[in-house]
């Protein structure tokens, strides 16, 4: 088991290395001199040279990369050009907002979509199945940002039940935090349950064909026991992979939801950084989000043998 | 059944809807300039926030621009960007995938290393990074989304090539003295077409969604040129005053995605019977 864990973790290291190279290369491909950008228009000629030397921009590109990587590994992501704040605490602060919304949304989406998909598989090709499939295909086709705007229009503006924009941390006021988080979470739950339902249905159908399920039924076990005790365990593993992918990609796609509801999350930090050409922020957010994506997928991999006994540790 | 007997796909209801929606989108995209009643950029401040009327069938937006004309031109933008992006991603993805799968060895290892690095990013994140490099523009989106989705194509094509190259007919082609290039083009590539078509259809939907998301974020099609995504973004402040400015572009995106998803399922069922339930 320990050996399995260590091998899997070790395979993530080259991926993370390549991710860091890609992010670094992308940032260096942005037109314009970062030092000139930092100084603004009022720079004296000597000042520019000094800052370039200080930032290491006069070094060969590989040396620059190694310096940067060293800084990142020691937790130094540089400072924002716009606000002069260090990037890492800024990102962590914003990340706590995004993570709350994403985790709550994925939790509820799983809670609704997995049973829905299994139910559809159980009623395959009958009315219940067709209703679930139709709903999930419809949900899959609605862009999250538009659904968010529609919910905001109906429940926020027309009915006035929920606050329209903004975010309150749970640590400050639990009640109003809950109110502010409802619309973004419901939007994401609706949108993401479409794909999870379809996956849960497909993998349950796959498993339900296997002989051990027929055997379990032949033993006279009730349908509920067959589905939950026998089908669920094997059907859930592929769905878990998808949930991992959803969780990871939501961290990148969250920017649109944060834009709809004006939430100060990590996605918004990245997009605002792109507008402002605040390249340390953009670089930090991209690296941080990609890192999370790799780690989430790694965790799913590590959970796999626990759920699917056929994958041996 | 009859259609099956003639080797045609038995288009079920869903597939038919998908074909109709995507067909309609392409027609509107191609003939848009002749269909649109107004210039999508023409300002008419007297008509600001005017609801649907005989003059403006779907109403007018915050600058009095005709909404129907803007939606039609938006369809053109979305369809063109999605088409060009899918072609970009599929063509380059296929070339690299075939090279990796057919040559194997170091070519394969290096290509896959780079590919895996790109796959380690969620699609939209990579596209955002590229938009930071290119700046918001039409061609920028095509290249950014093209590069972001290309690794998926590389992976699918390489996997297919690896399984096909072991088959007897490929071996036979080599035995009768065909060169590697001929074998690859005549025997391996044609057999990759089914998975490539399934992927291309699915990818079309991803790109329509991603482009509208980028445009909504202000990092896609720059206004005033209409795209469904940037119409949502520029109309957002007026959501309470004139909800239809927001409702209609979103409906267009949703209907398009629904059509593409249904078509994608149909194409997959048709070309890949194994995937059918």
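For all residues, glycine too, the Cβ spot is worked out from N, Cα and C.
Unlike curated entries, TrEMBL annotations are predicted automatically.
Annotation comment: TrEMBL describes A:95-304 as domain 'ABC transmembrane type-1'.
Per TrEMBL, the feature transmembrane segment maps to A:12-30 (among others).
Counting residues 6+ beyond its ends, the transmembrane segment (A:95-118) has Cβ neighbours under 8 Å at 132, 136, 167, 169-170, 181, 184-185, 188-189, 192-194, 196-202, 204, 227, 231-232, 235-236, 239, 243, 246-247, 250-251, 254, 257-258, 263-267, 288 in the same chain. The annotation transmembrane segment is assigned in TrEMBL to A:95-118 (among others).
Per TrEMBL, the feature transmembrane segment maps to A:130-154 (among others).
Non-local neighbours of the transmembrane segment (A:174-191) in the same chain are 100-102, 104-106, 108-109, 112, 139-140, 142-144, 147-148, 151-152, 155-156, 162-163, 166-168, 250, 257-258, 260-261, 263; each lies 6+ residues outside the stretch with a CB under 8 Å from one of its CB atoms. Among the features that TrEMBL reports, transmembrane segment is placed at A:174-191 (among others).
Per TrEMBL, transmembrane segment is recorded for A:235-261 (among others).
Residues annotated as transmembrane segment in TrEMBL: A:281-304 (among others).
Here the transmembrane segment (A:281-304) sits against the transmembrane segment (A:12-30); at least 3 CB pairs are under 8 Å, leaving out pairs fewer than 6 apart in sequence. Proximity of distant same-chain residues to the transmembrane segment (A:130-154), defined by a Cβ-Cβ separation under 8 Å and at least 6 residues beyond the stretch ends, is recorded for 113, 116-117, 119-120, 164-165, 183-184, 186-188, 190-191, 193-195, 197-198, 201, 253, 256-257, 259-261.
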